[in-house]
Amino acid sequence: NYGVQKIEGGWGWRISLSMAAVPAAFLTIGAIFLPETPSFLIQRDGNVDEAKMMLQRLRGTTGVQKELDDLVTASNISRAIKNPYRNILKKKYRPQLVIALLIPFFNQVTGINVINFYAPVMFRTIGLGESAALMSAVVTRLCATVANIVAMIVVDKFGRRKLLLVGGIQMILSQFTVGAILAVKFKDHGVMDKEYGYLVLVIMCVFVAGFAWSWGPLTYLVPTEICPLEIRSAGQSVVIAVIFLMTFVIGQTFLNMLCHLKFGTFFLFGGWVCVMTLFVFFFLPETKQLPMEQMEQVWRKHWFWKRIVGEGEEEVDQAHTGAGAIAMSTAPHSS
């Protein structure tokens, strides 16, 4: 948009919209060269030899037998699973269901899509010119990209919970600060000084960075790590469904909210970030480098979740015993 804004004759917006074909073409062409995963090869037709060759190519070593055995065992267990959506409603999976619902909900009520969708509108409203408003959107996205890279580097060092808490505090301070600046400096039906407009831009970059190295990527990672195989597909489906639903709601309501609540909109989002940060502090356990089979014990020892899942220990043990028997009976035996 920034590059084509001055093209006359109605071609600017046409070029802008057509540029969406570039990443679409990249994904489509790239999919042609994308190899099948070892897990899929095993799941599709049980071709362990082909899966082993693919795994060796991916890992760059021939010593992949242990990982291959784990993949075969996981495939056998998953084939025995029926009705994952019914399973996730069981009491013993209540922590996973609650987290799969709330994590993506909180992801959206941070206000991140306000920046993604309406950054040029918002920056133009607070006094920046058309060109500066579009460039401001470019700047915030660059900050998000850099922060995403930081997240990939540090997530396994510092842990998921710590990043979520630090990112939450960063977003709280950013939202409340922007709300306060707009409350003091922005007048109804007017504009604020350009210097304060650029200050808001800087704070929004801090906000976007806080989201991009915490709640952005971890919204997808954490539910995957806490959901066992028998409900993982259902858990991830819930996450994506909630994100799309809340994206629609935020996209349809924000401009009206901005017109009616004005600076209060940022205090509203900041309040939600406070709630979600407290939720992580009290209810979300750390999953860094935690084997999937140990998550069950984490719920039983947690100060709150043990009240819900503790009564179902016998049922959980029986389920895992049955799954283990299936895996043992169908897994390949080494000589």
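Glycine is no exception: its Cβ is also placed from the backbone N, Cα and C atoms.
As annotated by TrEMBL, domain 'Major facilitator superfamily (MFS) profile' applies to 1-288. Here TrEMBL flags 12-34, 97-119, 131-151, 163-184, 196-222, 234-255, 261-284 as transmembrane segment.
The stretch from 12-34, 97-119, 131-151, 196-222 that makes the most Cβ contacts under 8 Å with the transmembrane segment (163-184) is 196-222. The average pLDDT computed for the domain 'Major facilitator superfamily (MFS) profile' (1-288) is 88. Counting Cβ pairs under 8 Å to the transmembrane segment (97-119), the top-ranked stretch among 12-34, 131-151, 196-222 is 196-222.
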